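Per TrEMBL, these features apply:
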{"type": "TRANSMEM", "residues": "B:46-74", "note": "transmembrane segment"}
{"type": "TRANSMEM", "residues": "B:123-147", "note": "transmembrane segment"}
{"type": "TRANSMEM", "residues": "B:153-172", "note": "transmembrane segment"}
{"type": "TRANSMEM", "residues": "B:209-231", "note": "transmembrane segment"}
{"type": "TRANSMEM", "residues": "B:237-258", "note": "transmembrane segment"}
{"type": "TRANSMEM", "residues": "B:265-288", "note": "transmembrane segment"}
{"type": "TRANSMEM", "residues": "B:308-327", "note": "transmembrane segment"}
Amino acid sequence: MRRETQHVLLVLLGGALLRIAADDTHLRYVKPSHRWLLLAAGAVIVALAVVALVRDLRGHAPADDHDHGGSHVPWLLLAPVLVIALVAPPALGADSVNRAGARNAVVQDGDVFPPLPADPVLTVAEFVQRAAWDTSGSLDGREVTLTGFAVRRGAAVELARLTIACCAADARPNRVRLVGDLGDPPQDTWLRVRGSVQTGSATAATGYVPAMTVAAVEVVDAPPDPYEY
Amino acid sequence: MPVVTITARAPRITSLHVFCAVLVLAILARPLITEAASAPALRTAATVFVAVCVQALPFLVFGVLLSGVIAAFVSPAALRRMLPAHPGAAVPVAGAAGLVLPGCECASVPVARRLIGQGVPDAAALTFLLAAPAVNPIVLVATAVAFPGEPRMVLARFLGSLATACVMGWLWQRAGRAEWIADRARRGTPRRDGENRWAVLAETARHDLVSAGGFLVLGAVAAAALSVLVPPEWMDALAGQLLLAIVVMAVLAVVLALCSEADAFVAASLSMLPLLPRLVFLVVGPAVDVKLIALQAGTFGRAFAARFAPATFVVAILCACAAGALVL
């Protein structure tokens, strides 16, 4: 690959990183704090290409450019640019949850949780944690509000949300089985549900998937940050 | 005469032309591409692909900048003074140096390559390559957060990874051959007299980025494909079988290619397995995975990667089991 092609490619690559960091697109792929790394990396990549371009034009190009004709691998850098620019794949959803098997991947990080506030709004992950481990029964008889997307498992409807630590490649699902009058939400519809846990439903036998008796459900827009962290 | 002029001026197709043609084609075929990418499995794979690329690129950029700094500002003589003269003693020093480079594995490949180019013994540079992503403070803190109530997991991971790095260094020193590493990795920076050091930095970083970036993308493609192809039922079948669980978790660490700062959270979530197989997952992952193999093959040559990756895989499993037996 010629040097000038490499320069153009690097400008596009850096531009793609800057582009997804400029708005909420990067939240589909990485955690929010990664944004600053993306901005910095994008700026550095563009700067490296521009510096090399200017120096080449002034006749400073390295005489012994040993990569000529050898490798076609740099072409692969075009792949993420094209995928980001043309497809911009959406955040992971029901397909990814279904691939992860039928269990919730829970880690016990306590057995007594602080009491819930009045009119509690919880993350799906915290709801699952409390339902599975809390010996003080803080969820019992309380109506809580959860936001997530619908996952269909046969006739059953589950509310799910993915938790990421770094990027979407390490996403782990948390899901709640919804019981009650839900209508017929298609897969990947974002829902806000209000309801209360069925005590003792999140056990090893159910794969730590708690059941929730739903009092109210409404369809909502997908939030800008689709994951929980 | 005119005929000669025409042949002499006939346009040559260069990579820039091909590049523009690919771009135009891609834009024209966009509806087709979006249509094809709407299948759920393909969409999931595409998201994972972009996620791995976008997650790793900043760390690769950090690595190539550091590589440029070493090329421009650290002379081979200064590096030799920093390391013990005896290569066997240089290995653990290089392993300890890994403690201070806070990054993922993508950052350490260009840095290790630059160290070799600047005359650091191969064994020490390779030890650094394996230690840097595995034992730095960010990774250890992430492991402690992911395993609440299991502080021994952090110590076991630290010992297992450091042992893997040092054993591989000493192994390379005894059995490794210099010619397995491609010549291009050894080439130091040609420093012309009077050339601006900042220009050396920029050119080294740019060159390393272009040559390593393509391999990173290759690794991301493999990781994305495998993330939709590996059946989750593997996990549930493993609960009672320790040996099989160790082997499968080691293979999973290779094929999933998770960032070393994130793998602890995935390991923690596989709570149906005992701690030892999950420790193996944490020790193998930063040392050898599909995106690292691609990066190493591109940087040090295929002959190197074909020997180094399998050897590291076996050594990492053994070191993880030893550390697990000792600590857990």
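Here the Cβ of each residue, glycine as well, is placed from N, Cα and C on the backbone.
By the Cβ criterion (under 8 Å, sequence separation of 6 or more), the transmembrane segment (B:153-172) is not in contact with the transmembrane segment (B:209-231), since fewer than 3 such pairs are found.
Most Cβ pairs under 8 A with the transmembrane segment (B:209-231) among the ranges B:46-74, B:123-147, B:237-258, B:265-288 are made by B:46-74. Most Cβ pairs within less than 8 Å of the transmembrane segment (B:308-327), among stretches B:46-74, B:123-147, B:265-288, belong to B:265-288.
Only residues 6 or more beyond the boundaries of the transmembrane segment (B:265-288), in the same chain, are considered here, and those with a CB under 8 A from a CB of the stretch are 105, 130, 133-134, 139, 142-143, 146-147, 150, 153, 156-157, 160-161, 164-165, 168, 235-236, 238-239, 242, 245-246, 248-250, 252-254, 256-258, 309, 312-313, 316-317, 319-321, 323-324, 328.
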